Amino acid sequence: MAFQKAVKRTVLVCGGALATVLGLSQCSHYRRKQVNLACLKAAGCHTEPVNREPPSREAQLLTLQNTSEFDILVIGGGATGSGCALDAVTRGLKTALVERDDFSSGTSSRSTKLIHGGVRYLQKAIMKLDVEQYRMVKEALHERANLLEIAPHLSAPLPIMLPIYKWWQLPYYWVGIKLYDLVAGSNCLKSSYVLSKSRALEHFPMLQKDKLVGAIVYYDGQHNDARMNLAIALTAARYGAATANYREVVSLLKKTDPETGKERVSGARCKDVLTGLEFDVRAKCVINATGPFTDSVRKMDDNKAPAICQPSAGVHIVMPGYYSPESMGLLDPATSDGRVIFFLPWENMTIAGTTDSPTKNTHHPIPSEEDINFILNEVRNYLSCDVEVRRGDVLAAWSGIRPLVIDPKSADTQSISRNHVVDVSESGLITIAGGKWTTYRSMAEDTVDTAIKVHNLKAGPCRTVGLFLQGGKDWSPTLYIRLVQDYGLESEVAQHLATTYGDKAFEVAKMAKVTGKRWPIVGVRLVSEFPYIEAEVKYGIKEYACTAVDMISRRTRLAFLNIQAAEEALPRIVELMGRELDWSEIRKQAELETATKFLYYEMGSKSRSEQLTDRTEISLRPSDIERYTKRFHKFDADEKGFITIVDVQRVLENINVKIDENTLHEILSEVDLNKNGQVELNEFLQLMSAIQKGRVSGSRLAILMKTAEENLDRRVPIPVDRSCGGL
C-alpha cells in the first residue's frame, strides 16, 4: 500500500514537472537573450571608481560630518545596506552609509555561507503551484550567477550531494533537481547528475552505507560571507559613498514639507560609538536596512508603527575538516523535525546547520546547547557508525537572526514573506526587509528604484549587474603562484590571501614581515594551524577594522573556524592593532576582555566550557584512573592532591619547554572548575573522563601533561648493563 502511494506520488510529481518543463521551455530562449542583453548593457555603462583605494576612515567621517545634504542615507552596514549604498552611488547619487557596529557584524556574517537559489522553495512552488516562490527562485538563480561573476575570489560553485535511502525518492528528487537546473537556464553552474551507491561512497566515504541506494549531486555557490559584505561596502566607498562603521543612529531628523505641510524624514542624528560624539547627517531620502532591527528604526519614525519583523534564530556549528570531503557538501532534505540540514566544507573546516526557531531580538545572539546537539544528532544519522561524532569536536558555533517579515500592505497580516518587502512610510522613510543573502543586489535595486520614485531624485539606471567588487577584477585562479614566486610566501598562505583579497593580495604581501627562516621568506602566522598572517592585521585597519572582535571574526574568520585558535591569536592581534592605532594599555586590556567575552558567549565557548563542570561524572576504568593518577603525580611531586602554575613551570623547565605565565594561567583556568587557582586530582580525572566520552576535545592541559610525561619517561637513567658497563 505504501509502495502504491509512493508510485502515485512520483507519477503525479513527474506529470506536474513535465507540464512545468513544457511551459518554461517556451520562454527559455527569450529569458537567456534578456539576461545576456542586460549584462551587455551593464558592462557598457560601468564607470571607473572615483578612488583607486577606499578613503581612510578619518576622511570618511569628515565627509559625513561636513556634507550639507546627501541624496540618500542608508542605515545598516549588512549585505543589503551595503548593496543599497553601492547601487545608489553608482547611479550618481550622493550617498552615505552608517552602521552602529561593524560591517557584517550581524546576520550577514552568520549565514550558511551558501549562494543558493533555494532548491526547497522550488519544491514548494511546484507542489503548491505557488508563483511567488517560483519567481523568488528564478530571481535568486540569476543573482547567484552574478555574484559568482563579480567576486570570483570570494565565491565558487560547490557540488552538494543528496543521499537517497529509498528507491522511490530517486525519480522524485531527480525531477526536482533537474527542474532547478532548468529554471536556472543559462545561469546553471553545472548540470546535476546521479551517482550509484559505490560512487557516492567514493566521493563521501564517511556516509551511512546501510540502505543507501545512490545519490544526486547538484551545484550551488559558496562564499566567504563577511568578506563578501566588506567587499561590497569597500566598493561603495571607492565609488564615492561616505561609509562609516561604529556610527549609531539615535533618532531621525524631520522637516515640514512646504507643499503638503506634512513632516518628512530628512536625515538622522548619529553617535560615534567609540568616542560618544554626536552629529547630524542630512539626506533627501533615508533607507532603513537594519535587518532584524527593522522595527526599531520604524518606531523612531512613528512609534505607533506595527512590527513587521519576526526574528528567527539559525544556529551553525564548525567541526574539523575530516568530517566532510574537501570539495563536496551534503544536504539532508528531511531531518527528524522536518527541517533542512547542510553539511559543507568551508575554509578547510566543516560547517553543519542550520536550525530555525523563534527568538528575541538581540545584538549578541548566543548558540544554545539544545540547537548544537540537534545538529550533531542529525549529522550522526547521516554518517557511518564508524565515525564517532563527538560534542568535543565542535570548534565554534554561532547563532544568526533571520529577519523574516510580514508585508504591512498585505491583506494577510499574519503571513510571513520569504521574499523581500520594500515599504514606504507616510513621512518618506523607506524600509527594505526580508530576503536572503543571495538576492542582496536585486533587493538594493528595488529599494533605490523606490527611493528615486518617491523622492523625485535625479539618477541613472542600475549599474550593479556585472560590476566587479573589490579585489575581483584582476583576480585569476593562478594569482597565488605569483605571490609565492614574487614574495616568498608559503603556498597555503598565498592561496588564502588570493581567495580573501583577490587582486589586493599583493598589497597585503608587501606588508608581510620577514620570518628570519630559509622558507617562507615572509609571512609570520598568527597561529600555526591557520594561514592568517600578521600583515592582515595592519591591512585590516585599512579596511576600517576598529576592534579586536572585527579582526578575529570579520577581517580574518578565526572566531568562526576555531575559538581556541582565535583566543590564542588575540594577544598578538591586540598588540599589533594597538601599535597601529596608538592604543593605551587600558584600551588594549579592554579589547582583550571584550573579544574574550565575544568568543565565550557568541561563538560557542560558553557551551563548550559547560561540557566540563564540577558535576561531571567520572566514568573511567580502574586501570585508566591509575594511569591518569600517575600522570597527575608527575606534576604533583609533593602529593598535595592538587597542582598549581608553579608545579607546571617546574616540570616544563625539566623538559626545556618554555610557555609564558599568562598562557599557563589560561591553560589551568580551563580545568579549574571551582576557580580556586589550582587543579585538583578529581578535576583532572573529570577532564579525562569527559575527553574519553567525546564531550571535550583539544584540552591544552591534557595534551601538555601527556607530552611532559612522555618526555620525563625518556629521561630515566640508563641501567649499567645497557651502557656497555659491568661484566
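From the backbone N, Cα and C atoms, a Cβ is placed for every residue, glycine too.
For GLU99 (FAD binding site), the same-chain residues that are 6 or more apart in sequence and have a Cβ closer than 8 Å to its Cβ are GLY76, GLY77, GLY78, GLY81, SER105, THR243, ALA244, ASN245, TYR246, ARG247. DSSP assigns GLU99 (FAD binding site) to coil in the three-state reduction, placing it in neither a helix nor a strand. The annotation FAD binding site is assigned in Swiss-Prot to 71-99.
The annotation Ca(2+) binding site is assigned in Swiss-Prot to ASP672, ASN674, ASN676, GLN678, GLU683 on the grounds of sequence analysis.
Look at Swiss-Prot and you will find 623-658 tagged as domain 'EF-hand 1', backed by sequence analysis.
According to Swiss-Prot, the domain 'EF-hand 2' annotation covers 659-694.
Reduced to three states, the DSSP call for TYR601 (phosphotyrosine) is helix. Its Cβ taken as reference, TYR601 (phosphotyrosine) is surrounded by 15 other Cβ atoms within 10 Å in the chains shown. The annotation phosphotyrosine is assigned in Swiss-Prot to TYR601 on the grounds of similarity to another entry.
Under the heading transit peptide, Swiss-Prot lists 1-42, citing similarity to another entry as support.
Across the structure, ASP87 (FAD binding site) and GLU683 (Ca(2+) binding site) place their CA atoms 58 angstrom apart. Rounded to the nearest whole angstrom, the C-alpha distance between GLN678 (Ca(2+) binding site) and TYR601 (phosphotyrosine) is 25. When the CA atoms are compared, no binding-site residues among the candidates ASP71, ALA79, GLY83, ARG91, THR95, GLU683 lie within 10 A of TYR601 (phosphotyrosine).
Scoring each of the binding-site residues (ASP71, ASP87, GLU683) by how many neighbouring Cβ atoms lie within 10 Å, the top position goes to ASP87. Recorded residues GLU683 (Ca(2+) binding site) and ALA79 (FAD binding site) have their alpha carbons 46 Å apart, per Cα-Cα distance.
In the three-state DSSP reading, GLN678 (Ca(2+) binding site) counts as coil. Confidence in the domain 'EF-hand 2' (659-694), given as mean pLDDT, stands at 69. All chains included, 32 other C-beta atoms sit within 10 angstroms of the C-beta of ALA79 (FAD binding site).
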